Amino acid sequence: MVKAVAVLSNSNEVSGTINFSQEGNGPTTVTGTLAGLKPGLHGFHIHALGDTTNGCISTGPHFNPNGKEHGAPEDETRHAGDLGNINVGDDGTVSFTITDNHIPLTGTNSIIGRAVVVHADPDDLGKGGHELSKTTGNAGGRVACGIIGLQG
């Protein structure tokens, strides 16, 4: 079993921890708990770079090793890092579990060293008709991020 973790934070009181685990070549399970977010849906993605030198903006675009358009997690055409939305409760907190086959912790397309990003707005899953729908899901600014690090 390979395990990884990302600790999310920013200057706006958003905080939390996201854990990743993968058994063999199976899917990766993502579990997380976050606090300090506005209630409602927030886009949730793996971004290409593990660089936070300029805050979350330095994490680059969505992780997309296959050069596809943005989509929903269940779509065949999607970025590898497209994990859809998390639904934050009225108290500003969310706990979630996601299982995904496109974000391995080992191999050529490993997400280790990349970043996980929570966005300000809902991800339209590439179906919103906005000019940004097919690249970012029109999910708005980046409100929190963390670098995905390997755990022992």
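From the backbone N, Cα and C atoms, a Cβ is placed for every residue, glycine too.
Annotated features in Swiss-Prot:
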BINDING   His45, His47, His62, His119  Cu cation binding site
BINDING   His62, His70, His79, Asp82  Zn(2+) binding site
DISULFID  Cys56-Cys145  disulfide bond
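Separation of the C-alpha atoms of Cys56 (disulfide bond) and His79 (Zn(2+) binding site): 19 Å, rounded to the nearest whole number. For the binding-site residues given as His47, His62, His70, His79, the lowest number of other CB atoms within 10 Å of the residue's CB is seen at His62. The binding-site residues considered are His45, His119; of these, His119 has the fewest other C-beta atoms within 10 angstroms of its C-beta. Secondary structure at Cys145 (disulfide bond), taken from DSSP and collapsed to helix, strand or coil, is strand.
In sequence order, His45, Phe63, Asn64, Lys68, Glu69, Gly71, Arg78, Ala80, Gly81, Gly126, Thr135, Thr136, Gly137 are the residues of the same chain, not among His62, His70, His79, Asp82, whose CB sits within 8 A of the CB centroid for the Zn(2+) site. Taking each Cβ in turn and tallying the other Cβ atoms within 10 Å, the top scorer among the recorded positions Cys56, Asp82, Cys145 is Asp82. Apart from His45, His47, His62, His119, the residues listed for Cu cation, the same chain places the Cβ atoms of Gly43, Phe44, Ile46, Thr59, Pro61, Phe63, Gly81, Asp82, Val117, Thr136, Ala139, Arg142 within 8 Å of the centroid of those Cβ atoms. In this structure the C-alpha atoms belonging to His70 (Zn(2+) binding site) and His62 (Cu cation binding site) are separated by 9 Å.
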